[in-house]
Amino acid sequence: MTNTRKSHPLIKIVNHSFIDLPAPSNISAWWNFGSLLGMCLGLQILTGLFLAMHYTADTTTAFSSVTHICRDVNYGWLIRYMHANGASMFFIFLYFHIGRGIYYGSYTFTDTWNMGVLLLLTTMATAFMGYVLPWGQMSFWGATVITNLLSAIPYIGPTLVEWIWGGFSVDKATLTRFFAFHFILPFIITAMVMIHLLFLHETGSNNPSGMNSDSDKIPFHPYYTIKDILGALFMIITLMSLVMFSPDLLGDPDNYAPANPLNTPPHIKPEWYFLFAYAILRSIPNKLGGVLALASSILILMLFPILHLSKQRSMSFRPLSQCLMWMLVTNLLILTWIGGQPVEYPFITIGQMASMTYFFTTLILMPLTALMENKLLKW
């Protein structure tokens, strides 16, 4: 008699994905982020569901309903801050996951990679709409500034913006639709994650060496299940420390003031995880140019499989490419810092230089270095 785990139509899918899955024997802790992202998504859906039970998507009561959740609902403050800081953890893991993919050449699995980029875009849209919901000052003005960028699209721009707003400014209609989208998108993300995994399991995982690991595979369970549990523990400790000791560390104090269309905050900025893209947007003194640069800063990821000119897949044995990779990471940290600074000298110049370096490194320096390494190795 066959084991139910291997014969049951539903359980066997789980078995092939998480139990008997052949995995490379040498994947490092950098391969933990996929499961951590899955956990984050589950946590966000769960905490979000409980928040939605008490939240009202109406301009007059949205801010008060969030205050009510924090003050009057049992452990409402905990649910709210787990949701807010859970989003930050989500993006930290996303950026690590993408960085791992770039470093070890995982983008050569083009289907999996492109699905991942679409996942990133959808997650960014979800997070942006979620930030609007508490209807504080930064929620309102962030929504106004970011949606207004679409007006830079020639011909259809202004009409498109008013269509998204549901009126002539960010108002009740905007808040209601943003809540509807913010609720539905995580479920769409879950479906996309399943497709992402489907594509991944067609090829199997990459590994730090970048070489084929078919000759040395081990079962996912118990080896990597226990490893994922360890990663999960680290995540829970970090998240709960953040939630319990400094829940507002990553937030903006302006969002504790109710939205006021008649009073513009001195510095409008998004959440920290969008600051690098915001800095790129602001570094171009032209609206359409800025919007195109903003879109390119994310969509450039889709070009990585084409720009891969090295004969080796991974950067593990390519010291010059490693230097460029860490230069890119530092550059993104500088952009993140600049995105949170006021638009004045010297920040404008630093932002412009960092933005230029970002595109120059990814589009020109990295492919040229790969060719040079091939030459040095006489390949």
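Each Cβ is built from the backbone N, Cα and C atoms, and glycine gets one as well.
Here Swiss-Prot flags 33-53 (among others) as transmembrane segment, drawing on similarity to another entry.
What Swiss-Prot lists as transmembrane segment is 77-98 (among others), and the listing cites similarity to another entry. Within the same chain, residues 30, 33-34, 36-37, 40-41, 43-44, 47-48, 50-51, 66, 69-71, 116, 120, 123, 127, 130, 235, 238-239, 242-243, 247, 250-251, 271-273, 301 sit at least 6 positions outside the transmembrane segment (77-98) and bring their C-beta atoms closer than 8 Å to a C-beta of that stretch.
Taken from Swiss-Prot, the feature heme b b562 binding site covers H83, H182. Sequence-distant neighbours of H182 (heme b b562 binding site) (same chain, six or more apart, CB under 8 Å from its CB) are G48, T126, M129, G130, L133, listed in sequence order. Annotation note: H182 (heme b b562 binding site) sits in a helical segment as assigned by DSSP.
Annotation source Swiss-Prot lists heme b b566 binding site at H97, H196, citing similarity to another entry. Using a 10 Å radius centred on the Cβ of H97 (heme b b566 binding site) and all shown protein chains, the other Cβ atoms total 20.
Sequence-distant contacts of the transmembrane segment (113-133) (same chain, six or more residues past either end, CB-CB distance under 8 Å): 55, 57, 62, 66, 87, 90-91, 94, 97-98, 101, 106-107, 139-140, 142-143, 146, 174-175, 178-179, 181-182, 185-186, 188-189, 192-193, 195-196, 199, 270-271, 273-274, 298-299, 301-302, 304-305. The annotation transmembrane segment is assigned in Swiss-Prot to 113-133 (among others) on the grounds of similarity to another entry.
What Swiss-Prot records for 178-198 (among others) is transmembrane segment.
What Swiss-Prot lists as ubiquinone binding site is H201. Long-range C-beta contacts of H201 (ubiquinone binding site), restricted to its own chain and to partners at least six residues apart, with a cutoff below 8 Å, comprise H16, S17, L21.
As annotated by Swiss-Prot, transmembrane segment applies to 226-246 (among others), with the evidence given as similarity to another entry.
Residues or ranges marked as transmembrane segment by Swiss-Prot on the basis of similarity to another entry: 288-308 (among others).
Taken from Swiss-Prot, the feature transmembrane segment covers 320-340 (among others), and the record attributes it to similarity to another entry.
Outside the transmembrane segment (347-367), and at least 6 residues removed from its termini, the chain residues within Cβ reach (under 8 Å) are 279-280, 282-284, 293, 296-297, 300, 303-304, 307-309, 321, 324, 327-328, 331-332, 334-335, 338-339, 341. What Swiss-Prot records for 347-367 (among others) is transmembrane segment.
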Run through the Cβ atoms and count how many others sit within 10 Å of the one on H196 (heme b b566 binding site). 21
So H83 (heme b b562 binding site), by the Cβ count within 10 Å over all chains shown, scores 21
When you look at the transmembrane segment (320-340) alongside the transmembrane segment (226-246), do they share 3+ Cβ pairs under 8 Å, ignoring any pair fewer than 6 residues apart in sequence? no
